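Taken verbatim from Swiss-Prot:
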BINDING   Glu177, Asp219  Mg(2+) 1 binding site
BINDING   Asp219, Asp221  Mg(2+) 2 binding site
DOMAIN    171-257  domain 'Toprim'
Amino acid sequence: MQNTDTTKYIIHSKINADGVIERPDIVGAIFGQTEGLLGADLDLRDLQKTGRIGRIEVMVTAKGGKTKGNIFVPSSLDKVETSILAASLETIDRVGPCSAKIEVFQVEDVRAVKRKKIIERAKLIFTKMFDETVPESQELADEVRQSVRVDELTYYGKSRIPCGPNVLNSDAIIILEGRADILNLLRYGIKNTICVGGTNIPPEVAELTKKKTVTAFTDGDRGGELIIRELLQVADIDYVARAPDGKCVEDLVQKEVIRALRRKVPVEQIIEKYGIQEREGEESTRVERGSKRKIRAPEIAPRITEKKLHKRIKIHRVSSKPDLYEEELPEEETKGKASAKAFEKVSVKAAEKVSEMVPATAGKVKTRSIVAKPQISARKAPAAARVSREKPAEKVPSAVKVSRGEAVRVSPAPVKTVPVSPEATRFRPHVEALKGTLTARILDSQDKVIEEIAVRDLASRLKTYKENIQSVVFDGVITQRLVDIASSNAIKNLIGVKIGNIAKVPADMEVLTASML
């Protein structure tokens with residue numbers, strides 16, 4: 001008997017006989033007509049006894065005096081021997097008294113079929129059985145972290161508001177929207193958090209904000225903005241942090257959480273942004289509570305006082321000395337104290353080295369005391385000069401030396417006329433005409449327009465140009481590609497709106513922009 005486990009190939013053949021025949025007739029014809037045909041090594045009887053050939057299966061049907069069917073011969077021989085055996089079956093031309101014809105149409109590789117079944121089954125096992133029984137290592141880690149976060153989650157007050165374990169002991173707390181936000185921040189080690197559960201702020205949270213430095217950390221959507229508005233009305237918060245637009249705090253990763261908290265802004269900026277009116281007495285309370293917010297309170301009062309008492313007017317001097325400022329005192333203070341106080345002496349360069357140009361619309365200048373600002377000597381001060389516009393004046397003499405409040409004045413230096421470059425005379429009319437049109441003009445040696453084309457077609461057109469081109473003016477960016485094409489055409493002038501990333505320019509080419517003309 002043939003062991004089906006060792007079968008390598010199955011020979012599929014079909015038989016057509018002119019007459020009625022049965023299975024024993026076909027099997028007998030196969031053994032009888034192939035006996036001694038292939039030699040002793042490939043004799044079917046010997047091969048079947050040794051198990052190299054399996055049981056021959058025959059399936060036939062007789063209809064209308066003719067018989068049709070299929071013959072299956074299992075083989076454990078190699079490919080060559082199996083092919084010889086299959087070819088020998090086609091030599092059978094008679095079965096019993098009837099003429100017959102056998103034709104082999106397939107040799108099936110049993111091992112290939114088994115491999116396909118193995119692959120399909122392996123896919124099923126991998127997708128279903130592993131997911132159901134064996135969790136991933138990341139799932140195990142997430143499960144452990146989740147259990148730890150749930151254990152650390154505590155509750156505050158009679159309403160059992162979810163919060164972090166350090167919300168009572170910490171000097172600063174973070175107000176979040178919901179329980180999921182607290183769990184996400186606990187995951188990254190932030191434990192001084194408490195949630196409000198929506199826009200209805202619990203009274204316990206509002207009372208807690210009066211004792212601590214509070215940061216409101218909300219989602220980057222409309223709901224987060226509404227929570228901030230509610231907190232500004234019923235609670236006392238110091239800073240506001242927002243998640244990125246369209247994201248929730250519970251979905252942020254550690255890097256996004258840290259970045260959002262570092263970018264928190266003082267509550268005063270949020271009040272100005274949303275245009276919210278503070279409750280009566282709340283603004284004074286914010287300044288008086290120095291113990292709660294030690295950073296912001298000292299900065300507010302000096303800034304307001306300085307802004308009200310002094311107006312700074314910068315004096316431009318052609319000198320390497322630090323910038324000087326004129327501090328304009330109020331008129332009432334000037335009248336009462338101008339004669340009593342002596343002004344400090346400030347060393348200034350000689351009058352012949354100092355000149356100042358003042359716009360023609362400058363007005364009267366009030367009594368000033370010129371004071372050097374040593375704290376800003378290492379950097380440039382703002383160049384904004386404030387002058388009253390009561391009466392137009394053509395020029396105001398500049399102060400050059402100060403002694404006890406008196407200034408020595410010199411007339412301003414004359415304005416120098418800058419000569420117009422020849423390129424400006426030649427190409428400026430073309431630049432003005434092409435501004436905003438996205439077109440280009442190709443000029444000859446006499447600066448006459450040879451052709452006017454679109455900027456997008458300029459590079460391809462210059463490649464095919466054979467006429468004598470001297471200059472190209474166009475409303476676009478000068479690129480390295482255009483420079484190379486212009487150089488190959490011996491173009492001397494290339495004028496555009498601005499210069500892009502250019503690594504090299506030929507020595508005989510002039511590259512200009514509209515601002516250079």
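Even glycines carry a Cβ here, placed using N, Cα and C.
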- Message: If I take the alpha carbons of Glu177 (Mg(2+) 1 binding site) and Asp221 (Mg(2+) 2 binding site), what is the distance between them in whole Å?
- Response: 12
- Query: Of all the binding-site residues given, Glu177, Asp219, Asp221, which has the fewest Cβ neighbours within 10 Å once its own Cβ is left out?
  - Reply: Asp221
- Tally of residues which DSSP labels helix, strand or coil - the domain 'Toprim' (171-257): 35 helix, 18 strand, 34 coil
